[in-house]
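Taken straight from TrEMBL:
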ACT_SITE  Ser189  active site, nucleophile
ACT_SITE  Asp354  active site, charge relay system
ACT_SITE  His385  active site, charge relay system
COMPBIAS  33-43  compositional bias 'Acidic residues'
DOMAIN    61-113  domain 'Partial AB-hydrolase lipase'
Amino acid sequence: MNSVKEATFDILFYLFLINCLIKFTKLQLIDDEEDDSNEEETQEEKAERKSITEDSNLSVDKLIAKYGYPAEVHHVTTEDGYILTMHRIRKVGAQPFLLQHGLVDSSAGYVIMGPNISLAYLLADYNYDIWLGNARGNRYSRNHTFLDPEGEKFWEFSWHEIGIYDLPAMIDYILKITRYKRIQYIGHSQGCTTFFVMCSMKPEYNKKVIMMQAMAPAVYASETEDHPYIRAMGLYFNSLVGSAITEMFNGEFRFLCGMTEETERLCIEAVFAIVGRNWKEFNRKMFPVILGHYPAGVAAKQVKHFIQIIKSGRFAPYSYSNSKNYALYKEREPPAYNLSLITVPTYVYYSTNDLLCHPSDVEDMYKDLGRPIGKYLVPMKEFNHMDFLWALNVRRLVYSKMLQVLGKTKHRKGNAAAYTVNT
């Protein structure tokens, strides 16, 4: 049955690929005869295009260094043996700030749009010591003390393990290196999911975080069931190991998107179909940079876990067979994560056009948190799931609010009891 499902998805994917190749063939004669755009480029435009190409190929630490920020690479080993990479924009003696990425993303998500847009640079300019996490399985954290990344056992994890192993290891490492007692934290999408897993399953980590700012938190997802692609994704990911997902996206998808302007436009529309359509805030010039760093790799089990919470309407650990659930959880279904145990002061940012995190789900989640201190609905109806990282005006629309919230708490030296930000 799984082979039939996989074949069905593969056929649909390659039909899409073939359709685009046909379009490319039709356009090629026009391109050959009419496209002299490179010859007409100004020196400034050529330099910009060269810089964009370079940014699409640089590693995160080299990308940070290119723009004049002090970059460091750190390696952290988790309790279960995964070796994670962290990127740092160092500010000696400053308050450490951990930024954690979403699904199929990496630390690159917080820097690829450049110093004028990306959040990591903005916070560094505001004198924070920036640490960028990389969850197990992405391109920067694909190593282990004894498991082979090419083997299936390496990929036997979901975002539950990222929450109970990866985040605690990264936080403890940051505190050890900086000699601080607490960090500031920002998560996007799965970066929120894993944080809430950590704080509910390991409540002692609530005391190690001053404040959590959650962008597009992927936690409650009952409204996402109506998403047009969720069923198709479920069919495909039910029969995959994580590395296969990475190879599919890194190969055909990137090749296809870079062929012509037409295929690029189709690829952007494909992304919009998943996260929400917003051409107004999308910087098309930077799409090659996005493709150079995103997707960064993911385990099939991570995606299947999200599909489970969408279908069940429950924010809970991964569900196996009934017998395995009884063995692991002593129940037929895994018990839901208890959000009331999350006592870190939490400020939430969400949007109306986010197809993956519906506003009503976010508001329901907010009510269940142990220490919610405020929520902010982005004042743009088209703002989507990835606009929190990629939007042209994200600093004005979102990050200015974050700085305002931080400004109200920055001088309180980590005293969580003092946080009453509600705005």
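Cβ atoms are placed via backbone N, Cα and C, with glycine included.
A straight line from the CA of His385 (active site, charge relay system) to the CA of Asp354 (active site, charge relay system) spans 5 Å. Across the range of the domain 'Partial AB-hydrolase lipase' (61-113), the DSSP-based residue counts are 10 helix, 20 strand, 23 coil. DSSP classifies Ser189 (active site, nucleophile) as coil under the three-state reduction.
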